[in-house]
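Written out below as structure tokens is the structure these notes cover.
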Amino acid sequence: MVNSKIQAAEENLIHVYNRFPIALDHGEGMYLYDTEGKEYLDFAAGFAVSGLGYDNKELNQALKDQIDKLYHTSNLYFHESCGEAAKELNRISGMDRVFFTNSGGEANEGALKAARRYAYTKKTGRYEFIAMQNSFHGRSFGAVSVTGHDSYREPFEPVVPGVRFAEFNDLDSVKALVNDKTCAIILEPLQGEGGINLATQEFMEGIRKICDENGILMICDEVQCGMGRTGNMFAWQGFGVKPDILTMAKAIGNGIPVGAFAMTEEVAKYSLQPGDHGATYGGNPLACTAVKTVIEIFEREDIVGHVNQVAPYLTKKLDELVDELDCVVRRKGKGLMQGIEITKPLAEVNKKTIEEGLLIIQAQGNVIRSVPPLIVEEKHIDEMIEKLKRALA
Ligand SMILES: *Cc1c(COP(=O)(O)O)cnc(C)c1O
């Protein structure tokens with residue numbers, strides 16, 4: 001239980017989060033510990049952020065060294081870490097030009113602006129966006145405007161105009177919305193918040209084709225599914241369907257607040273120009289050191305290879321749950337971004353997993369999301385399944 005001092009501090013915050021009654025203190029590898037020393041196996045990774053888990057000594061040291069040298073300068077000046085992080089992120093994401101933001105929502109915000117700016121230069125008169133039902137793109141105005149859940153948008157209307165929603169994985173529903181005003185189509189190749197829904201190969205290829213045939217930009221939001229989670233460095237690579245604009249955040253900084261939107265050279269040529277966009281903190285030396293070091297560790301330790309090695313075991317274990325337990329309806333997702341749809345009330349189950357010492361997250365459609373740090377091993381999966389079974393009993 002959270003002590004009264006920590007609980008009292010909550011009264012100073014705007015109440016937008018329903019917190020569990022535990023206060024986390026420190027972490028190591030796959031585990032987090034609360035202020036009372038209780039251990040939690042982490043299958044949430046702080047919302048798919050902590051890909052390398054906790055207390056990675058190499059990352060910690062790189063960040064500490066950078067803090068001691070310099071951690072903010074503004075974007076008026078060059079900083080070596082920024083160029084290096086950009087080069088490396090472009091290399092692994094297959095993009096050509098990148099802009100660093102402080103979050104995923106801000107990355108999508110920038111991507112939408114970049115798409116409109118492209119249309120403006122080309123004088124196409126295109127400004128509409130097609131987004132997907134059940135999508136999640138963040139909480140800023142642009143991002144909620146393309147988020148396919150009424151509850152995220154309605155209290156804030158009117159939101160950004162010119163957005164139409166298609167059914168995810170239904171190409172005809174997308175085609176029905178395309179017109180000569182369509183500027184970009186935005187989608188998550190694997191929807192997270194919306195219930196762990198994987199795009200079909202046909203859908204990804206179909207969207208690419210619609211975009212190519214109509215002069216529309218394809219934006220992939222890989223804020224959650226990117227950075228190794230699906231068994232490819234970025235999910236689009238698994239489909240072989242390259243977007244024009246790619247957004248990233250969450251795991252690219254392993255928890256240091258950093259996001260990015262990136263684009264191909266072809267888009268960059270006509271898109272944002274000097275003065276069009278900016279961020280005071282965006283891509284500061286600390287954030288860029290995080291990105292650069294995270295990529296170094298990912299490649300040296302072949303994290304993507306590890307994901308491909310361990311993910312089939314997670315799949316097998318979750319499939320067994322579906323067979324064994326009546327309250328588990330189906331398994332969804334790919335790699336280390338999977339979920340199970342259950343019939344029991346999620347909130348109750350989640351309360352029990354906390355008691356069991358297991359952190360999971362919920363997703364739409366009564367889905368328990370399993371997005372552990374990517375360093376997870378089979379023994380952790382066994383431990384998770386045991387705890388989850390007891391919570392579902
Ligand atoms: C989390 C998330 C966002 C928003 O990221 P923030 O850093 O919270 O702004 C955007 N898109 C997707 C797919 C996400 O999962």
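Quick reminder: no glycine exception, Cβ is built from N, Cα and C everywhere.
Per TrEMBL, pyridoxal 5'-phosphate binding site is recorded for PHE136, ASP221, GLU222, VAL223, GLN224, THR280. What TrEMBL records for ARG139 is N(2)-acetyl-L-ornithine binding site. Taken from TrEMBL, the feature N6-(pyridoxal phosphate)lysine applies to LYS250.
In the vicinity of ligand 1, defined as a Cβ distance under 6 Å, the following of the binding-site residues PHE136, ASP221, GLU222, GLN224 are placed: PHE136, ASP221, GLN224.
With respect to Cβ neighbours within 10 Å, the binding-site residues ASP221, GLU222 differ, and GLU222 shows the lowest count. The Cβ of VAL223 (pyridoxal 5'-phosphate binding site) has 31 other Cβ atoms within 10 Å, all protein chains considered. Under the DSSP three-state reduction, GLU222 (pyridoxal 5'-phosphate binding site) is assigned to coil, being neither helix nor strand. In sequence order, THR147, GLY148, HIS149, TYR152, GLU188, GLN191, GLY192, GLU193, GLY194 are the residues of the chain that are 6 or more apart from PHE136 (pyridoxal 5'-phosphate binding site) and have a CB within less than 8 Å of its CB. Put simply, LYS250 (N6-(pyridoxal phosphate)lysine) is 15 Å from ARG139 (N(2)-acetyl-L-ornithine binding site) when counted between their Cα atoms. For the residue listed as 'N6-(pyridoxal phosphate)lysine', the spatially nearest entry among the binding-site residues ASP221, GLU222, VAL223 is VAL223, judged by CA separation. A simple way to gauge crowding: the CB of LYS250 (N6-(pyridoxal phosphate)lysine) has 28 other CB atoms within 10 angstroms, across all the protein chains here. Of all the binding-site residues given, namely GLN224, THR280, the one with the smallest number of surrounding CB atoms inside 10 A is THR280. Classification of LYS250 (N6-(pyridoxal phosphate)lysine) by DSSP places it within a helix.
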